[in-house]
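What Swiss-Prot records for this protein:
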{"type": "ACT_SITE", "residues": "CYS328", "note": "active site, cysteine persulfide intermediate"}
{"type": "BINDING", "residues": "ALA75, THR76, ASN155, GLN183, SER203, GLY204, HIS205, THR243", "note": "pyridoxal 5'-phosphate binding site"}
{"type": "BINDING", "residues": "CYS328", "note": "[2Fe-2S] cluster binding site"}
{"type": "MOD_RES", "residues": "LYS206", "note": "N6-(pyridoxal phosphate)lysine"}
Amino acid sequence: MKLPIYLDYSATTPVDPRVAEKMMQFLTMDGTFGNPASRSHRFGWQAEEAVDIARNQIAELVGADPREIVFTSGATESDNLAIKGAANFYQKKGKHIITSKTEHKAVLDTCRQLEREGFEVTYLAPQSNGIIDLKELEAAMRDDTILVSIMHVNNEIGVVQDIATIGEMCRARGIIYHVDATQSVGKLPIDLSQLKVDLMSFSGHKIYGPKGIGALYVRRKPRIRIEAQIHGGGHERGMRSGTLPVHQIVGMGEAYRIAKEEMESEMARLRTLRNRLWNGVKDMEEVYLNGDLEQGAPNILNVSFNYVEGESLIMALKDLAVSSGSACTSASLEPSYVLRALGMTDELAHSSIRFSLGRFTTEEEIDYAIDLIRKSIGRLRELSPLWEMFKQGVDLNSIEWSHH
């Protein structure tokens, strides 16, 4: 077993060797290096064919028509294109948007930008388990609501929203529904031929494909229109200009093909490992599960260890690659906004760790992690005056701390 152990698959995944091998064939002179938009020679035709195959592989995983898949530079761009693109196109109908407080920053900051441009955004607070209350969502819908953006799987706590029901609610009112499916695609079944979802964002690098490539699903029936955010040669049916990066697209296609084949067995395996990890730590004192095991993605476990500083815990667990919060916001020392939105105290949010498992995680690694966590928590709590006071029965919430 090699240390450190990678348990941060929700931040990124290693590229599957099968994917890397495939990508190598689309880079050099002796490979297929042409521009898929070059229509006048074989180099272009071969590149275009490779892109078509990948587009099909992505569409097949999610039950879409390949013509509904638009390539982007990643899920952040897909979120921007979906939300700004739909808001700008449909603003004559209304300027009200609904999202949730626990969305990814790529959705929240895009909505904030639209607010600066004169749109009105309602940010729903989830219930304490992270699930959106559908009655609250319904109450927030108005005649001038044009767009709802609620994610499938939360990247920090792994809870799964009921996108099927939300889609029905939106379709009944003629509201466009966007789903950020970055953390769910290839892990949970998605069938866009059944779901009433109009726009869906995908990433390559969360599912063993390369970084820097993603896609946006744009429904054809009923037809959804979006305004392009990047202008140029009119690639991707005018929705996203720019020369297509064939090697990245082929890599994403291969990753999605593998995911379709292996998803069922892989998810059962990961669910077992995640439960093994939780069962290994849940009997410790003052340990809390954030999110919901029943309504949770099989590969994410977010746990708070009370009376232990999250930063010191991460240092103590240096042999485990884990995160507090998400990689996108872990550079700031603020407690996770997702956990705060669940109504958690700053202290508890600060002591939370996200473990995310993946294709190369083994049972041996999980057992090593459990042992390390138990030892580290014990040691850090011995050093903690707060833990000592708590053990003596002092109510820490009632103490007036002096601010120096």
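Glycine too: its Cβ is placed from the backbone N, Cα and C atoms.
Feature map: annotations from Swiss-Prot on the structure.
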residue: ALA75; record: pyridoxal 5'-phosphate binding site; Cβ neighbours (10 Å): 26
residue: THR76; record: pyridoxal 5'-phosphate binding site; Cβ neighbours (10 Å): 21
residue: ASN155; record: pyridoxal 5'-phosphate binding site; Cβ neighbours (10 Å): 26
residue: GLN183; record: pyridoxal 5'-phosphate binding site; Cβ neighbours (10 Å): 28
residue: SER203; record: pyridoxal 5'-phosphate binding site; Cβ neighbours (10 Å): 27
residue: GLY204; record: pyridoxal 5'-phosphate binding site; Cβ neighbours (10 Å): 31
residue: HIS205; record: pyridoxal 5'-phosphate binding site; Cβ neighbours (10 Å): 23
residue: LYS206; record: N6-(pyridoxal phosphate)lysine; Cβ neighbours (10 Å): 27
residue: THR243; record: pyridoxal 5'-phosphate binding site; Cβ neighbours (10 Å): 13
Taking DSSP three-state, what's THR76 (pyridoxal 5'-phosphate binding site) in: helix, strand or coil?
-> helix
DSSP output for the residue listed as 'N6-(pyridoxal phosphate)lysine' maps to coil
Per the record, pyridoxal 5'-phosphate is bound by ALA75, THR76, ASN155, GLN183, SER203, GLY204, HIS205, THR243: how many Å separate the farthest pair of Cα atoms?
-> 30
CA pair ALA75 (pyridoxal 5'-phosphate binding site) / the residue listed as 'N6-(pyridoxal phosphate)lysine', Å rounded to integer, equals 10
How big is the Cα-to-Cα gap, in Å, between the residue listed as 'N6-(pyridoxal phosphate)lysine' and GLN183 (pyridoxal 5'-phosphate binding site)?
-> 7
